[in-house]
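Working notes, structure below.
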Amino acid sequence: MSSSPVKVGLLGLGVVGGGTWKVLARNAQEIARRAGRNIEIVAVAVRDVPKARQMVGEDVLVTRDAFEVVRHPDIDIVVELIGGDTLAHDLVMEAIQQGKHVVTANKALLAKHGNEVFAAAHAKGVMVAFEAAVAGGIPIIKAIREGLSANRIQWLAGIINGTTNYILSEMRMKGLSFAEALADAQRLGYAEADPTFDIEGVDAAHKLTLLASLAFGIPVQFDKAYTEGISNLASEDIDHAERLGYRIKLLGITRRRETGIELRVHPALVPMERLLANVEGAMNAVQVYGDAVGGTLYYGQGAGELPTASAVVADLVDVTRLLAADPEHRVPHLAFQPDAMDDIPILPMSEVLSSYYLRLRVEDRPGVLADLARILADCEISIGSMFQEPHSVNDADIIFLSHQAREGAVDLAMEKIRTLPFVKSEVTRLRVENLL
Ligand code: NDP
Ligand code: HSE
């Protein structure tokens, strides 16, 4: 084992930064046995210096100037745990220019600027490791990038936002309100600094964008991801789904089709017997289907202090082991060699294939169902099942579950249905994912 420790500069000592400090301290020997050297945090950047001092003591440089850490000549690896895509972007780019390796949990940064960051790192011969950026403590990046490298990956689907999964679980199982469940998720350290990123599906889309690049060898294209969150989800749809044998989950799905790649985040009905339907609380799970291996599933804590720190420290160990390796012999950042990336188009939502749940309120009189069925048939949407529930003396709620259809056809059917005189509500549309 080398006697000289690897020197680390830590940017941020919040939920994940604090966890990283704790895990490195409590498992120092075990980690050194794996890495071949001690890994030592020598500098920390924060806003609140006295608070940080209480955690790290007097022997570590603590500064409000994160660039001081990034430019510190003794530091080999910069760990960026500040978040956001402005200051963090400048810090990571500067670290790379300084020839330092980077570890980050920042999916927002990489989803928006990943192509630039990885190109700069490649040119400089440094590593940018980001296991903690997707699914917290689950080593999903390593699994896709290395473990599944024999496969032509067909699709992956996952619960990749702990906050929204926690909210949906608490609402369904404990009857908490949306606001109560969100406040709990924030208190437990799961939520982003701006929780609308979680609730509106943006955080999941950041992560999905990275997973799609790793799975298919395509550039990072967050701007082309379809993003729909859980803020408009009605509790009656959660109840109806349950009665129909489904659970509603916020899913990130990316799938290879003949004409391109689907890249989408939205709530979806998942059959109750699927493992993904039974992932509760802040747990995450990702199902990956490769042509050789078939289906695989990765499950674990997707957010929070120590689980995320587990991934950060694993990256630190990886980088430490590879410090002396020729850059050409390292695993490529996005799994595929940079000159072998493929610009397969991301499909617009109108081309996506899914099954659908449609709910609407109608006047309860003869001919209504026939007219609705005619519109669906004209749009080439086949009905899988249907049920009707009385709402009042004159009105009923109708729910259709369709077979697989093109989303553009469903848009058209909804447009036509809205104009029918007996329709008394907006048409609620949710996707149904059978995960086969
Ligand atoms: P926190 O808000 O808990 O921590 C942010 C840290 O950054 C704080 O220590 C803060 O300092 C420091 N900081 C903020 N601005 C500056 C600045 N201008 N200069 C120096 N330091 C600054 O965030 P998290 O730990 O939750 O998240 C960090 C990153 O990890 C984000 O990219 C997030 O998306 C990602 N992530 C988070 C997960 C989680 O479960 N929380 C899971 C996976 C990824 P101070 O303490 O003094 O205010
Ligand atoms: N806010 C994120 C989540 C943190 O809830 O999943 C983990 O990336």
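Every residue, even glycine, has its Cβ placed from backbone N, Cα and C.
Noted in TrEMBL for the protein shown:
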type: BINDING; residues: LEU11, GLY12, LEU13, GLY14, VAL15, VAL16, GLY17, GLY18; note: NADP(+) binding site
type: BINDING; residues: LYS107; note: NADPH binding site
type: BINDING; residues: GLU192; note: L-homoserine binding site
type: ACT_SITE; residues: LYS207; note: active site, proton donor
type: DOMAIN; residues: 357-432; note: domain 'ACT'
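Location within the structure of each feature annotated in TrEMBL.
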| residue | record | Cβ contacts under 8 Å, 6 or more apart |
| --- | --- | --- |
| LEU11 | NADP(+) binding site | GLY17, VAL44, ALA45, ALA66, VAL69, VAL70, VAL78, VAL79, GLU80, LEU81, ILE82, ALA88, LEU91 |
| GLY12 | NADP(+) binding site | ALA45, VAL46, GLU80, LEU81, ILE82, GLY83 |
| LEU13 | NADP(+) binding site | TRP21, VAL44, VAL46, ALA52, MET55, VAL56, LEU81 |
| GLY14 | NADP(+) binding site | LEU81 |
| VAL15 | NADP(+) binding site | GLY189, GLY304, GLU305, THR308 |
| VAL16 | NADP(+) binding site | LEU81, ALA105, ALA132, GLU305, THR308, ALA309, VAL312 |
| GLY18 | NADP(+) binding site | MET55, GLU305 |
| LYS107 | NADPH binding site | PHE130, ALA133, VAL134, ASP203, HIS206, LYS207, LEU210 |
| GLU192 | L-homoserine binding site | GLY83, THR163, ASP198, ASP203 |
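DSSP classifies LEU13 (NADP(+) binding site) as coil under the three-state reduction.
In the predicted model, the domain 'ACT' (357-432) has a mean pLDDT of 97. Classification of GLU192 (L-homoserine binding site) by DSSP places it in coil, neither helical nor stranded. Same-chain residues with CB within 8 A of the center of the LEU11, GLY12, LEU13, GLY14, VAL15, VAL16, GLY17, GLY18 CB atoms, the NADP(+) site residues themselves not counted, are LEU10, GLY19, THR20, TRP21, VAL46, LEU81, ILE82.
According to DSSP, LYS107 (NADPH binding site) sits within a helical segment. According to its DSSP assignment, GLY18 (NADP(+) binding site) is helical.
Take the CB of LYS207 (active site, proton donor) and look out to 10 A: across all protein chains shown you find 28 other CB atoms.
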